[in-house]
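The active site annotation in Swiss-Prot covers 224, 226, 231, 404, 406, 411. Residues annotated as domain 'PLD phosphodiesterase 1' in Swiss-Prot, with sequence analysis given as evidence: 219-246. Positions annotated as domain 'PLD phosphodiesterase 2' by Swiss-Prot: 399-426. Residues annotated as transmembrane segment in Swiss-Prot, with sequence analysis given as evidence: 3-23, 38-58.
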């Protein structure tokens, strides 16, 4: 009996170490950033079972077999659609400003199409204005409405948008709504999904959270885009979820969420439509390519307007493109660089690009919320402040609520606005969208918004920062070590 017990014990120990060795080898063999690999190895060797389970659940990018097959199957038809779009040469910009040219060339080479011109843009900073404009556009819709959001929170003006969307569906408008399962959990537990489906709206719960499949698909891979397309002519995107700030997370202690949205008219709506169609097919298996370009885009031709490039990320889209776009924007700056983000946990490359810009004389400012709804990210962000301040970067801490805007402005001419946070999750994992806009007029509008944010912020004093308590420094370094996983 003792011999059997000893044998079982040795086999258990051997299996334990083989499991750790196998996962370690898997981490080392995967192409990933060194800090990320080191963080995972530390977790696994400090808390082996917890670390192994966590790694198998969220350590690798698993879209899931069915979705991965759909992603592969959709590309031949999508590529043909893009080739047809290229034939509409009148909508594509032939040249860009000197500051925007490197970024637009990168996007053209990685995504296969150039930036589109002839768009009209309106920058919107008040949630009421956004929802009122959206309700008007929905009421005037004639053909189709497509929406995707990370969060749809019932209550306030969000309910008015829902009512107008159902009214549109009842009068024959083809309405599709895709919402992230985790972000919109309150919506899917409410009566709204059934009410909408009964009205004729196609409602899809994207990337459903299912603990039974935790090792088959990465559960923290989320649909983080915020997009609206109406009649393939009007489009919205930005940082705002479908929530009324007066009803959203009022008990979080961070104040109302402050967002930015762009309302657009022009061929950019069709460019965004192909992104939506890819997301829809990956999630449902149904193909809904936008109308043929030669029919749909011709009415949009305009002699003037903004030049825009869409940058999409996520499984099935060009890998690392948004990260590359941010690096290119930072290295293109000659006069000033202003970045706004609620969550700041940059890659080493992005941190280096930001600091280098400041060290070569560029006026670099980063605007962050003083209070954050994520304690982990809040502390991890602070770990980068010393290096940024030493390089000459100005850090503004916004005090007027949770600043949720994601924006970058380079030399007053190149603007980036969208859904991308400056953290690892947005840069490497989630489905995201960013608009690159080459236009001085829009840049002036964005600069005015950022100036307003700065007026409601406190500039971080480098001397006072160096005098902060020791326990804060220890906490910052602890969270910094795990920042590649946040």
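The backbone N, Cα and C atoms fix where each Cβ goes, glycine too.
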Let me check the 10 A CB neighbour count of residue 411 (active site). How many other CB atoms are there?
20
Can you tell me which parts of the same chain pack against the transmembrane segment (3-23), counting only residues 6+ beyond its ends and a CB-CB cutoff under 8 A?
44-45, 48, 52, 55-56
Which sequence positions outside the domain 'PLD phosphodiesterase 1' (219-246), separated from its termini by at least 6 residues, show Cβ-Cβ distances below 8 Å to it?
57-58, 61-63, 124, 127, 130-131, 134, 137-138, 141-153, 155-158, 161, 178-180, 182-183, 206-207, 209, 211, 256-266, 268-270, 272-273, 275-276, 279, 283, 290-291, 296, 299-300, 315, 401, 404-406, 417-419, 425-426, 429-433, 435
In whole Å, how far does the CA atom of residue 226 (active site) lie from that of residue 411 (active site)?
26
Sequence gap of 6 or more, C-beta under 8 Å: which same-chain residues meet both conditions with respect to residue 406 (active site)?
239, 260, 340, 341, 342, 417, 418, 419, 420, 421, 422, 434
Just counting, how many other CB atoms are there within 10 A of the CB of residue 404 (active site)?
23
On the DSSP side of things, how many residues of the domain 'PLD phosphodiesterase 2' (399-426) fall into helix, strand and coil, could you say?
3 helix, 12 strand, 13 coil
Using Cα positions only, nearest of the active-site residues to residue 224 (active site) (231, 404, 411):
404
What number of additional C-beta atoms lies within 10 angstroms of the C-beta atom of residue 231 (active site)?
17
For residue 224 (active site), just count the other CB atoms lying within 10 A of its CB, please.
25
State the Cα to Cα distance, in Å, between residue 404 (active site) and residue 411 (active site), rounded to an integer.
22
In whole Å, how far does the CA atom of residue 411 (active site) lie from that of residue 231 (active site)?
34
Mind checking how the domain 'PLD phosphodiesterase 1' (219-246) divides into helix, strand and coil residues in DSSP?
0 helix, 11 strand, 17 coil
